[in-house]
Amino acid sequence: SDHMENICGYLMKYTNLVTGWQYRYFVLNNDAGLLEYFVNEQSRHLKPRGTLQLAGAVISPSDEDSHTFTVNAASGEQYKLRATDAKERQHWVSRLQICTQHHTEAIGKNNPPLKSRSFSLASQGSANSPGVQRRPSQNAVSFFHVGHHRLPTGKRVPIVQPDHLVDVREMMSQAEGQQRDLIRSIECLPASGHLTSLDQDLLMLKATSMATMNCLNDCFHILQLQHASQQKGSLPAGTTISWLEPKISLANHFKNGAAQNFPAEINKPASVREEQSIAEPCQLTREPEEINPDEELEDICDDKEDDLGAVEEQRSVILHLLSQLKLGMDLTRVVLPTFILEKRSLLEMYADFMSHPDLFIAITNGSSGEERMIRFVEYYLTSFHEGRKGAIAKKPYNPIIGETFHCSWRMPKNNVATDAGTNSSAHSPSEQGTLPKDPDGQAEPDYYTVKFVAEQVSHHPPVSGFYAECVERNMCVNAHVWTKSKFLGMSIGVTMVGEGVLHLLEHGEEYTFSLPCAYARSILTVPWVELGGKVNINCAKTGYSASINFHTKPFYGGKLHRVTGEVKQNMTNTVVCRVQGEWNSVLEFTYSNGETKYVDLTKLSVTRKRVRPLEKQGPFESRRLWQHVTESLRDGDIDKATEHKRALEERQRNEERLRAETETPWCTKYFLKDGDGWVYHKPLWKTVSAAQTQQMDSN
């Protein structure tokens, strides 16, 4: 209470999508436990435009930037506020939290729980049952029996030593599970009757229990920081901090309580696990790893998303989620239910865009700049069909920062289209002198290898980088994508912000391209995906460009998945090729000489990617990282999948918070920041240039 003070000042308040952010004058009244706001300071003597009771409220600094925070009242009302800088936000947040804690504790002291009454929500009877009927003298606290453990008189509270942190975490995990059960029980109450889920006392109970767990988590985090500083001393500049969260079993969180198949390190003694969790920043280096394609095996995984499954069963959950969203709301930070997830990471989805490596490699075989541009457009338009796993629109996993995905494809050389009168071997890099010959003198394989790597380089905003190369054909592609999703009513829109560049080193050409928007339609019935928007492909050296339009279906009539485009020579503005059709069905290419070519995507052969077995993958590689979520989804155990997903997300949040507090920047593994984009650390154009320089020096 010594630090309680009435503060006032201007903050920005988010009103709605139309009005947006507006400056308002806020006053914190500590005596009354109220947060009030006025249009401006001059109108302070008038009635407040809005008032929030802070007792039982939750004050949450936003992780989207250093200025924003939210005040969530026990009544369900929320203020989203923004200070001018991080220092001012911290001042408001700390004062609001002190005031909230003071008035929440006051309610607990003034309203002690009844001693003799308990009530089980799980075994409630009908509305006419005597156990359910609520007397006027009873409040909601009467229906819950809360036990308090007291220390024997005269005994001091033992100091928690660092090696006890795992035990503390396990006890907190149990408490978190019980708190979630309490929340579920309250939310399962009927919307009307004597005792409802909207009862003011129950809302207060939900808010205070949540605030208590948040407070305990903050305290535990402080203990972790103290332990880390004692173990390591001050952290040197550039140190990468990994997950400090002890890798404990989550069995107590599951409804069935069954033992889970966690990685082998979880079964080690608690003290060993705790030491490893602290030492992990040194062990999990961010040094790039060279993946040997010979260790990769042809992928046998085939998770088609053609079954609605849990989506049909969880219709009410979707309706509840939609009721909480506003039109145009950014969904980047909205935690979506697990049952709508497809069984792969977003990084792997980008890899699946490369499922026609024969068309990709054939681009550089074009005899002219015009033909190479047309071949690139053909490859580009055929990539999206295989990127979708089935007809049902489901969402891939949001990659964890630092997550990576590696794979490769092997394509027989005789399966790659070549230009008339030219064979693939005539373009081998060994004959061009751009790369050194095999020192062992071994015969070249009869296939091309396309290698792929993707990495989640940023969490807020969510940015992925991916890179693919075919060394034998002197070509590579580098791209970065920021996924921005918005709620559009009965659909969800995802904008792919970013750019890709295809490098054809044999020809000294660069092709820049963008990606279309994606939409999940009919999310209440049978969700499906369509693409929309205009994308451009340009090659400055040849002067050719392509403009492609992905058409969304009109409200009445019209075809689904329609796409049109044209390739033209910029200098003369001459159209050399037109394309039309459906991006997931049949495409028609019409050339300037009158010839027409049809591409049936449903009959195109798909080359399976090659992926290392799980036991050879690193802990941050997508399939190993998400393996328990994927296995649970395959088994149809949504609760278990949710728990595993929550554990990953919690560890990411803890790591991010620790980096912020120690002012340690995140270090990427494979991609480097380059202006507004991200570039692979060892791109082929640098390797070839270095090889050419070395060869010239030797001559």
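A Cβ is built for glycine as well, from the same backbone N, Cα and C atoms used for every other residue.
TrEMBL has this to say about the protein:
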- 117-136: compositional bias 'Polar residues' (COMPBIAS)
- 418-433: compositional bias 'Polar residues' (COMPBIAS)
- 4-101: domain 'PH' (DOMAIN)
- 104-136: region 'Disordered' (REGION)
- 418-440: region 'Disordered' (REGION)
- 638-658: region 'Disordered' (REGION)
Discussion item. Based on DSSP, tally up the residues of the region 'Disordered' (638-658) by helix, strand and coil.
Written reply: 21 helix, 0 strand, 0 coil
Worksheet entry | Per-state residue totals over the domain 'PH' (4-101) - DSSP helix, strand, coil | 21 helix, 39 strand, 38 coil
Response to the item:
Looking only at the domain 'PH' (4-101), mean pLDDT returns 87
